[in-house]
Amino acid sequence: MSAILEVKTAVEGFRLWPGALDAQAQTDLVDAVFARLEAGPFYRPQTPGGRPFSVQMSNFGPLGWVSDPVGYRYQPTHPETGRAWPDIPPVLLDLWDATVGEPRRPDACLVNLYREGAKMGLHQDKDEADLGAPVLSVSLGDAAMFRIGAAQGGRTTTLRLDSGDVCALTGPARLARHGIDRVLEGSSRLIPGGGRLNLTLRVAGISPR
Ligand code: MD3
Ligand code: FE
């Protein structure tokens with residue numbers, strides 16, 4: 001994790017490591033993800049308003065983020081199979097230790113799959129018990145246009161996230177508004193069936209400091 005690039009955005013605490021994962025590491029991680037999907041398949045959550053997300057999701061770890069007409073929350077089981085989520089790939093825990101400087105380990109890894117036309121509107125991540133803990137995100141497959149702006153509103157910055165890029169959200173960036181405006185379809189051949197994968201590590205539950 002040598003080349004730390006502080007990307008200029010309106011948001012302090014956003015760190016980006018472009019190309020943190022080389023081609024082999026990306027392939028290995030995709031394999032680790034797909035091996036776990038048999039036990040925790042992608043599904044399409046509904047918004048609290050009852051509309052389907054365009055992004056397909058699954059989770060790894062003790063807790064997983066879900067959304068349905070009841071609301072947003074973390075829960076220990078897959079909403080469709082009722083099974084516990086698969087474990088977080090160990091390589092992601094190593095990446096957490098090497099980047100965020102947070103002694104607590106993440107207990108949730110949200111897996112987002114963007115197939116054709118999928119996007120994610122501007123939002124804040126506020127469903128975790130301690131909003132002081134950082135978030136770490138890994139992008140794989142097709143590139144995406146990512147937008148981020150301060151929690152309070154105002155201007156946003158757009159930047160491209162490529163396969164193998166890793167970003168950390170700490171401090172003021174933790175409550176930043178952010179979203180995926182579009183995926184550059186066909187820009188990578190990494191993901192079986194095409195598209196983009198995003199893995200997001202979080203400390204979601206209550207864990208003592
Ligand atoms: C900024 N995922 O899962 S990753 C999400 O590419 C989410 O799938 C997007 O937003 C994706 O909630 C963006 C980069 C990211 C992840 C978490 C953040 C940016 C963030 C949390 C707080 C602030
Ligand atoms: Fe988010």
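Placed from the backbone N, Cα and C atoms, the Cβ positions cover glycine too.
Bear in mind that TrEMBL entries carry predicted annotations, made automatically and left uncurated.
For reference, TrEMBL has these:
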- 105-205: domain 'Fe2OG dioxygenase' (DOMAIN)
- H123, D125, H178: Fe cation binding site (BINDING)
Non-site residues, in chain order, whose CB comes within 8 A of the mean position of the CB atoms of H123, D125, H178 at Fe cation: L122, Q124, A176, R177, G179
Counts by DSSP class (helix H/G/I, strand E/B, coil) across the domain 'Fe2OG dioxygenase' (105-205): 5 helix, 48 strand, 48 coil
Confidence summary (mean pLDDT) of the domain 'Fe2OG dioxygenase' (105-205): 97
Packing count at H178 (Fe cation binding site) (other Cβ atoms within 10 Å of its Cβ): 24
